[in-house]
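So that you can see what the record holds, here are the features copied from TrEMBL:
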BINDING   G66, E89, L90, N122, S123, L142, T220, E221, E222  S-adenosyl-L-methionine binding site
ACT_SITE  D145  active site
Amino acid sequence: MGENPTHNKKTGLPRKRFYRARAHSNPLSDSHFPIPISPSEVDYCLHYPELVKVDASKKIQFADVGCGFGGLLIALAPLFPDNLMIGMELRDKVTEYVKERILGLRTTNPGQYQNISVVRTNSMKYIPNYFGKGQLKKMFFLFPDPHFKEKNHRRRVISPFLLDEYAYVLAVGGIIYTITDVEELGEWMKSCLEEHPMFETLTNEELEADPVVKLLTSATEEGQKVARNGGQTFQAIYRRSATH
C-alpha cells in the first residue's frame, strides 16, 4: 500500500513510460495554461523555493526551449550551480515528468538541483512574458521539430522573426545553442543565425573550451538515440553580438 506505480521504487524517480506523449506538438495552436503577464510576474518561489530564500534578486539565466525529458537541465545543474535555469515544454505529460524528476532529484540529493525547474508553455508565443531584455546568458534548442513541409516552416522554433525575440532576451555575449539530426533543418538554423545581424559565430577554440557543447549530444534522450543509431548531428552555435 502507498506505493506509487508511476515512480521507480528504488530511486523514487518517475518512470518515463507513464509520461510518454507525441514527439511534437503544433506550436501555433492555443493551449490553456497560465502565462505570466510580464517577467516580473514569474513565480520564482514556486520554481526555486530554496534559492529564493538565499537571494530573492536572482533571475533565470538559462532557458532550454522544448526541453523534452529534462536531460540537459539535469546535466547542467551541477555544472552551473549559481545559475537559475528553466525548461520550457509544450506537452503537458512531458512537463509533468520533468517536474517529478526534478522533485525526486532534490529529495535524494539534498541541496542539489534547486537551480532547475520546468514550465509548460508555448515558447514560440510567450518568450517575452518570461524574460526581460538581456536577461538570458544561454538558450538551447535541441532536436526541435523539423516541420519538413515548406508551408510549416513558420512553425520552426528558429526563424528570422523569432531570432529577433531571442536577441532581445539574450545578453550581449549570450549564446544560442542549436542541434538537430536533420541535415536540412541544420542548414536552415545555421543560415538563419548566420544572416541575422545580432548573432556572430564562435571560433573553434571557443567551441572546444565550452563544456556545454559536449552535452548537446550526450545529455538528451534524442542525442543518445542518434548516437546509438550511428546518426549524424548538425550544430549551429552563435553569440549575441554587440553590434545592435
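Yeah, the Cβs are placed from backbone N, Cα and C, and that goes for glycine too.
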* CB contacts for L90 (S-adenosyl-L-methionine binding site) [other CB atoms within 10 A, all chains] -> 22
* Largest CA-to-CA spread of S-adenosyl-L-methionine binders G66, E89, L90, N122, S123, L142, T220, E221, E222, angstrom -> 21
* List which of the binding-site residues G66, S123, E222 have their Cα within 10 Å of the Cα of D145 (active site), in sequence order. => G66
* Structure fact -> Cβ atoms other than its own within 10 Å of the Cβ of E222 (S-adenosyl-L-methionine binding site), all chains, total 19
* Asked: What residues, ordered by sequence, lie under 8 A Cβ-to-Cβ from T220 (S-adenosyl-L-methionine binding site) and sit at least six positions away in the same chain?
  -> G68, F69, G71, L72, L142, F143
* **Around the Cβ of G66 (S-adenosyl-L-methionine binding site), the count of other Cβ atoms that are within 10 Å** => 22
* Counting all other Cβ atoms within 10 Å across every protein chain shown, which of the recorded positions S123, D145 scores highest? -> S123
